[in-house]
Amino acid sequence: MNLLDGLNEKQKEAVITTDRHLRVVAGAGSGKTRVITTRIAYLIEELGIAPYRILAITFTNKAANEMKVRVENILQVNRSGVMISTIHSLCVRILREEIRHFNYPQNFVILDSDDQKSILREIYKKLNVEIKTLSYAQALGYISNNKCAFIPAQKALDMVSYEFEKLMANVYLEYEKKLNDMQALDFDDLLIFVYRLFKENAEVREKWQDRYDYIHVDEFQDVDEIQYGIIKNITSPTAFLCVVGDPDQTIYTWRGAKVDIIMNFEKDFKGCESIILNENYRSTKSILQGTNTLIKHNQNRVDKDLFTNNEEDSKICFYESQDERYEALWIARKIVDLKAEGVPLHEIAILYRSNYLSRNLEKVLLDAHIPYRIYGGIKFFERAEIKDALSYLRLMITDSRSMSELAVKRILNVPKRGAGPKTMETLDLLAQANQEDYFDVLCNHAVAKGKTQKSIDEFVTLIQKYRIEQKEYAISIVLRKLLEDSGYFKMLEVANETERMENINELIHDIESYEENNPEGSLDDYLQMIALYTDTQDEEFNDSLQLMSVHAAKGLEFDCVFVYSVCEGIFPNERSVNEGGRHALEEERRLAYVAFTRAKKRLFLTSSAGYSYVTQRMKSASRFIKELGDDVLNKEGEVFTSYSEKPKSQSTQSRNVGGDGSTKMQMPTSKKKGSIRKGDLVTHEAFGDGVVISLKDGVATIAFDKRFGIKKLSATHRMISKK
Ligand code: ATP
Ligand code: MG
């Protein structure tokens, strides 16, 4: 079979244009990646190019693996020998051969972000810098910005114009020294070292230029200046560079990606051929029409028209639920239906804007026994901060020895109390010798000296205090207070760990929902229930549902795609829009375009009403739903309580979709009804006085003092009384 069979004319032209540089600019699903894979196969098969003379750069490891498989499938060989990798892996490979030019050992160390933070910790100690003065994230951001602008620490220090900048520059100076001493490289260095090497050392540059005759770059719209510099320099005067991309899918400008690079490509690569593809092969007519309409709302773009000849069509399904639990249940039920129709689970993906959003989905999927994998992320209940918080809670319960061991070991030094490996060893020895519970060991014996022991004593007192208090208070309140008093929140706050903070808030939100639904439930009951979610063995299912953030889904495609929580404030993400200025909303819209265009056959978007503790207001459907255009949407609203129960359909005609918060949907009437009413003044034992701002389904939304904010509480909870 001819390699070119099945390609359209423009694609064929792109595949066979191998005698000059080439730029392919085209919308999602138009076959850009397919052009690269076919072009590689064409070079090998038709032109007899040795596979190892070909280089392809992709954005993620997953994309690199998929490209390898696709090339090998076309060529029908197991190992083609083509170098297909991400730019970071390529740089590691180059540096393993060339690092001696910097007088570094060949087995140089690569630092990840945790390593970077431990280095900063030491530096802060040395320079007497308080983490509350300068957070790690701020320091790392400052360092990265300077490094990527090629400003060494001493120069940065010479240029400082105010005190705080001087502090950051001094930290940078120490960081630079430390990395030099360790002969270690952080992720920025991997690219910067190669960039410099290629720029400064003609011999090395030419050596690498000599390796590749054909270079391909996928997702070119997201490269930054340094990456582009590397790509330019590895392209020899006789090699040909082929770049493909879609400016509408630029989603990394916040990290330095520059869409101008693809737009101005012909200035650097004179005589380059530009090809535009405009037939979409991935998606149905409705998905294509809707996403085209959506992206047209961006002002700052070049319009392009995509069409499809795909015959099959089904409208984009938009489900709006009255609360987030039903939203996730609805998704699970749809997935059960799709599976019954014969769709394999790996062809179904659930995408979300922020990682904390997976919590609700994961619980429902576990309940429904639907196996799932999370790409580029960690399952919610396995995330470090969630394990930490649950460990604090576990210590509130006194009768399980092994639990106490794990919990004590996990949190004794989180936040830092100076308890290192030696303290842990002493703890182990004492527990064994006395056959004592780990927490009791801490109560009864000294395990360290001086300041450390003092901090440990404080920890013990804190736990003992809350062991008593937890009998009186709701679990969510205990956890919040524990994390506050133990310094855990502070630790996250000063390190600017927004995502971890979001996850903890989501856990507290989970506990609150549990309390609302199980007014009699104890802490023990809750932890046992959670254990069911955390102890599920990670069986390797051959066929699992795919969960991932929208960023991780770039370049991928699935038969059926669900995008969860498409609500104002969440997607578009309010924080990014607030911090990112006027272009940030357009980047959020491009992100929505990337998310929605992953779907081949069916696209399901969901949102829910109710209060969002993230945006601190009532949720409503995202503007991006409205922007798809009404004619491609099929709106559904169903109310049911379990994924196996038959839904009762509701009319959706009268509902309003948009960003104005006026979305209404009938609620199932609650059996429990509190004696408090909207507008009532109430007192809560922990939060003090408040006003009931709404009452729905037995749940009261109460505005308390600024310190506690607005809370959703069980209206009949024992802690609440009318004033
Ligand atoms: P994205 O911008 O999302 O990365 P893309 O432009 O890279 O999209 P591909 O992933 O290459 O698009 O192609 C989308 C889908 O269309 C793939 O399943 C691919 O196999 C299919 N496809 C591409 N070209 C053709 C064609 N000529 N005939 C049939 N199917 C095609
Ligand atoms: Mg692609």
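Backbone N, Cα and C atoms are what each Cβ position is placed from, and that goes for glycine too.
Keep in mind that TrEMBL annotations are predicted by a computer and have not been checked by a curator.
TrEMBL annotations:
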DOMAIN    5-284  domain 'UvrD-like helicase ATP-binding'
BINDING   Ala26, Gly27, Ala28, Gly29, Ser30, Gly31, Lys32, Thr33  ATP binding site
DOMAIN    285-555  domain 'UvrD-like helicase C-terminal'
COMPBIAS  641-656  compositional bias 'Polar residues'
REGION    641-677  region 'Disordered'
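Residues Ala28, Ser30, Gly31, Lys32, Thr33, taken from the binding-site residues Gly27, Ala28, Ser30, Gly31, Lys32, Thr33, are distinguished by a CB atom under 6 angstroms from ligand 1. Sitting within 8 Å of the Cβ centre of Ala26, Gly27, Ala28, Gly29, Ser30, Gly31, Lys32, Thr33, and not among those site residues for ATP, are the Cβ atoms of Asp246, Leu277, Asn280, Arg282. Summarising the environment of Gly29 (ATP binding site), the number of other Cβ atoms within 10 Å of its Cβ, over all protein chains shown, is 26. A simple way to gauge crowding: the CB of Ala26 (ATP binding site) has 24 other CB atoms within 10 angstroms, across all the protein chains here. In this structure, the binding-site residues under consideration are Gly27, Gly31, and the one with the smallest number of other Cβ atoms within 10 Å of its Cβ is Gly31. Each of the binding-site residues Ser30, Thr33 was scored by the number of other CB atoms within 10 A of its CB, and the lowest score belongs to Thr33. The C-beta environment of Lys32 (ATP binding site), restricted to residues of the same chain at least 6 apart in sequence and closer than 8 Å, consists of Val24, Ala26, Asp218, Val244, Gly245, Asp246, Leu277. Taking all protein chains in view, 25 other C-beta atoms sit within 10 angstroms of the C-beta of Ala28 (ATP binding site). Proximity to ligand 2 (Cβ under 6 Å from any of its atoms) holds for these binding-site residues out of Ala26, Gly27, Ala28, Gly29, Ser30, Thr33: Thr33.
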